[in-house]
Amino acid sequence: MSTERFDCHYCKDSLLGKKYILKEDTQYCTKCYENLFANCCEECSTPIGCNSKDLSYKDRHWHENCFKCAKCSRSLVEKAFAAKDELLLCTECYSHEYSSKCTTCKKTVMPGSRKMEYKGNSWHETCFLCQRCQQPIGTKSFIPKENSYYCVPCFEKQFAYQCCACKKAITTGGVTYQDKPWHRECFTCIGCKRQLAGQRFTSRENYPYCLDCFSNLYAKKCVGCTKPITSLAGAKYVSFEERQWHSECFICMHCSVSLVGRGFLTQRDDILCTDCGREK
């Protein structure tokens with residue numbers, strides 16, 4: 001009566017009464033299995049045998065007792081860890097070696113914790129405070145000044161000029177008129193309310209006017225065209241007996257020849273060249 005053989009698939013040694021490992025429906029003795037399939041430990045460079053637990057991370061393998069922090073050698077089994085340049089580190093060692101330090105309290109900003117960063121410096125969220133009110137700034141807007149940081153309301157209260165028109169703080173830009181600060185959008189013509197920042201303007205009784213409004217309100221009117229005469233825009237004019245003309249409007253009433261720099265005659269309210277005047 002023959003007995004069916006039960007041998008190692010690789011070395012053909014009998015497995016009867018021995019420990020074996022089944023892989024893909026094929027049996028191997030432990031020695032052959034370790035030689036053929038066992039992973040090599042990253043730490044000790046020996047095979048991870050059948051009697052050892054194989055711990056893996058990113059296609060790398062360790063014996064359970066070899067899976068340790070590269071810095072302090074504490075076990076990383078079932079603990080949080082971080083990888084740096086192929087080394088595995090416990091969170092404490094990683095934080096001490098590589099995490100940023102809080103600019104205020106000088107303690108480590110732990111990985112995963114909320115932090116603030118500005119110009120290469122780091123803070124714990126609870127350490128990044130407004131210099132004036134000492135409240136955490138968090139994700140709100142802030143303004144730096146002389147190595148300190150201020151929330152916008154505190155900065156405006158402590159440092160910003162107040163616009164003499166709207167009485168609100170001027171945080172960017174602004175213009176000065178008669179030694180008083182204005183928002184650019186608040187510095188307007190007293191007549192038409194057009195913005196004057198960057199434009200030519202004049203004043204009367206300390207009120208600013210654009211050239212158009214000033215001319216319409218205060219400039220003398222040309223007898224010829226009835227439009228304002230203003231020297232603000234560089235206009236030339238002729239004055240005679242309390243009447244004024246633009247230079248281009250000072251012409252003979254009959255023949256329209258220019259009378260600038262020439263003799264002329266008057267006939268009631270009209271001005272005439274000497275030729276037209278003699279004909280009359």
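Backbone N, Cα and C define each Cβ position, glycine as well.
Marked as domain 'LIM zinc-binding' by TrEMBL: 39-99, 100-161, 220-280.
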Number of helical, extended and coil residues in the domain 'LIM zinc-binding' (100-161), per DSSP:
7 helix, 22 strand, 33 coil
Per DSSP, how many helix, strand and coil residues does the domain 'LIM zinc-binding' (220-280) have?
9 helix, 23 strand, 29 coil
If I take every residue in the domain 'LIM zinc-binding' (100-161) and average their pLDDT values, what number comes out?
87
